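Each remark here refers to the structure printed beneath this line.
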Amino acid sequence: MASLDRVKVLVLGDSGVGKSSLVHLLCQNQVLGNPSWTVGCSVDVRLHEYREGTPEEKTYYIELWDVGGSVGSASSVKSTRAVFYNAVNGIILVHDLTNKKSSQNLYRWSLEALNRDLQPTGVLVTNGDYDREQFADNQIPLLVIGTKLDQIPEAKRSEVLTRTAFLAEDFNAEEINLDCTNTRCLAAGSSNAVKLSRFFDKVIEKRYSREGNLIPGFSDRKRFAGGNFKSLHYD
């Protein structure tokens, strides 16, 4: 296999929301049997067919960086975590549909990551106030994913999904709600799979295009040799 271009996507959210299970499902198409806490950052890779089924179809590596920790961590922890926010091409914000606090904390996660990207001085936001206009010029594609959909009682599902729809609107992002213990939730052709593919296409276009045309290469581009690959863990 020829070497492939890659993009870097952060996976952010509170501890316990199911980020590791989500990444495993996205990259291995399998349910993660024994999820554990992520210390530092764990990186897994997914193959993605850009514009699949069109003459522009091309295979890319999607690096998914599962960042551990709590949004309320001490400033020293945030400073350490900030190293993972460099050269980001996309962000997946993950929240637990059964935990409203994890949804609210996505605003703080986005501020932390985007401010690190927009302000290379390392200044991080410490309060939880979110102004939609604050990142109006943000060019990094976002996707909001709600986990543990299976744990939402049918009687409350409409209320919860309405709330998450407003959440995604705040980020000007599409939303996916799923059960990470069910591989069918991302089955080919499903609405979730279409949204996910559309998000990855957008990330690739932002990274490798100029005025809408894909560019052959960038001087800072990293390449991966074809063949087997495995997860990387940064502690």
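Note: Cβ is positioned from N, Cα and C throughout, glycine not excepted.
Model, not experiment: these values are computed from the prediction.
Look at Swiss-Prot and you will find 1-235 tagged as region 'Small GTPase-like'.
The GTP binding site annotation in Swiss-Prot covers Gly16, Val17, Gly18, Lys19, Ser20, Ser21, Lys148, Leu149, Asp150, Asp179, Cys180. The Cβ of Gly16 (GTP binding site) has 14 neighbouring Cβ atoms from other residues within 10 Å, across all protein chains displayed.
Taking a C-beta cut-off of under 8 Å and a sequence gap of six or more, Asp150 (GTP binding site) has these contacts in its own chain: Asp179, Thr181, Asn182. The Cβ of Cys180 (GTP binding site) has Gly18, Ser21, Leu22, Leu25, Val31, Leu32, Thr147, Lys148 as same-chain neighbours under 8 Å, each 6 or more residues away in sequence.
Mean pLDDT for the region 'Small GTPase-like' (1-235) in the predicted structure: 83.
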